[in-house]
Amino acid sequence: MSDVLAVAPLTRPVDATVRPPGSKSITNRALLCAALADGTSTLSGVLFADDTRAMMSAVGALGATVTLFESDRTVVVRGIDPGTAGGAGTIDARQSGTTSRFLLPAAALLGGRTVVDGSEQLRARPFGPVLGALRQIGAGVEELDRPGFLPAAVTGPAHGGPVEVSGHISSQFLSGLLMAGPLMDRGIDVTLTSPLVSVPYVEMTKAVMAAFGVTVTGLTVPAGAYRPADFAIEPDASAASYFLGAAAITGGRVTVSGLGTGSLQGDVRFADVLERMGASVTRTADAVTVRGGDRLRGIDVDMADISDTAQTLAAVAVFADGPTRVRGIGFIRGKETDRVGAVVTELRRAGIDAVEDPDGFTIHPGAPRPTRFATYDDHRMAMSLSLIGLRAHGIEIADPGCVAKTYPAYFTDLATLG
Ligand SMILES: O=C(O)C1=C[C@@H](OP(=O)(O)O)[C@@H](O)[C@H](O)C1
Ligand SMILES: C=C(OP(=O)(O)O)C(=O)O
């Protein structure tokens, strides 16, 4: 992909039915549960992107056999018995928060030493809570560079039992501990020491574990075993937010198929946010449809549960008829980039009055001027800011290839809206 991509404004309101690729979050949970199950699982609707390839390689390093049928979006996983496995060498989680935060507790199941590392970007993200938790449950932990950051070495087996972990930085620490829990001698019994962000992702963790035969009660998992499963993965709801946002800002219609009322993903609630702004939303058992109206209202909204869609909303808010205040998302400063700072900086570059708040941002509507947006090696900066180009002239996206983290074909799919 070239270094810069020009977004062509739509000449009429969008009218489309789309099906984004599989959920990153569900794919990476299913890959791990399948790898820890005694037997062979078949995963369908799998996302093939950098984050999930990182997880495929990682569970391969743990000893699972992973066979890809990419054109069928299917992966077959033959799991391991971690109790008999030794350390897994060095695992490169690339840019993937889920892979790294889920792998550290899983590596602690092995009777040996495993190093988890990642890209420079991942090395800048926080890991202290999960490393501290692993020490509490009997794993050896070495921070190989800075305390609280990757690379880190984990030596198991961890025995499990009661453990405390914070919830306000990332829910991924808790999800990782829960998924490794059933394979620890004492199971796991987690107590949160601070309020949990991204709550729906923990519900998703429990749902995927249940599909592989493990029941979580509260934050307690008894010792037990995963069962192999045939498991279908729904389209990615965070990816869907860009298409739903496109419907809202162009006064058009987008239906996302495969994302129904029974979705495991909290981010489907982005449609509720658009509804509050004045879009009309239809939800069925297997699809969600957003229709934009003549006008969009600015709103005041807490997005702590659905923060991966906060940047999408920032782009949509530019076209509302009053200011939009997003709260509850101070923790997204620790994601691929400082997402609060980055989105405000870029909107201001386009002449939009955007203001950084300690826990989020406020976007005032305006007419964006021709702008080349920087994307900070953050796939969601690139995907979100591209929406502005559907309505405004002269919008360019720098380093569009960064979308490969979760959605390699994003710009091809976006072009089909025209
Ligand atoms: O568990 C998951 O799959 C995820 C949880 C969220 O992270 P935090 O819990 O760090 O907010 C989300 O932003 C990320 O894209 C995926
Ligand atoms: C924050 C994200 O990913 P992760 O934490 O899994 O790297 C994301 O996909 O927006």
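Using the three backbone atoms N, Cα and C, a Cβ is placed for every residue, glycine included.
As annotated by TrEMBL, domain 'Enolpyruvate transferase' applies to 12-414. In the predicted model, residues of the domain 'Enolpyruvate transferase' (12-414) average a pLDDT of 98.
Listed in sequence order, Gly97, Thr98, Arg101, Phe102, Val130, Ser198, Tyr201 are the same-chain residues six or more apart from Gln172 (phosphoenolpyruvate binding site) with CB atoms under 8 A from its CB. Taken from TrEMBL, the feature phosphoenolpyruvate binding site applies to Lys24, Gly97, Arg125, Gln172, Arg339, Arg380, Lys405.
The 3-phosphoshikimate binding site annotation in TrEMBL covers Lys24, Ser25, Arg29, Ser170, Ser171, Gln172, Ser198, Asp308, Lys335. For the recorded site, Ser171 (3-phosphoshikimate binding site), the DSSP three-state label reads coil. Around the Cβ of Ser171 (3-phosphoshikimate binding site), the same chain contributes Leu196, Val197, Ser198, Val199, Tyr201, Val202, each under 8 angstroms and 6 or more positions distant in sequence.
Annotated active site, proton acceptor per TrEMBL: Asp308, in sequence order. Within 10 Å of the C-beta of Asp308 (active site, proton acceptor) there are 27 other C-beta atoms, taking all protein chains into account.
Ligand 1 lies within reach of Gln172 from the binding-site residues Arg29, Arg125, Gln172, Arg380, judged by a C-beta closer than 6 angstroms to any of its atoms. Close to Arg380 (phosphoenolpyruvate binding site) in the fold, though at least 6 residues off in sequence, lie Ser238, Asp308, Gln311, Thr312, Glu336, Arg339, each with a CB less than 8 Å from its CB. Put simply, the two farthest-apart Cα atoms among Lys24, Gly97, Arg125, Gln172, Arg339, Arg380, Lys405, the recorded binders of phosphoenolpyruvate, are 19 Å from each other. The distance from the Cα of Lys405 (phosphoenolpyruvate binding site) to the Cα of Arg29 (3-phosphoshikimate binding site) comes to 16 Å.
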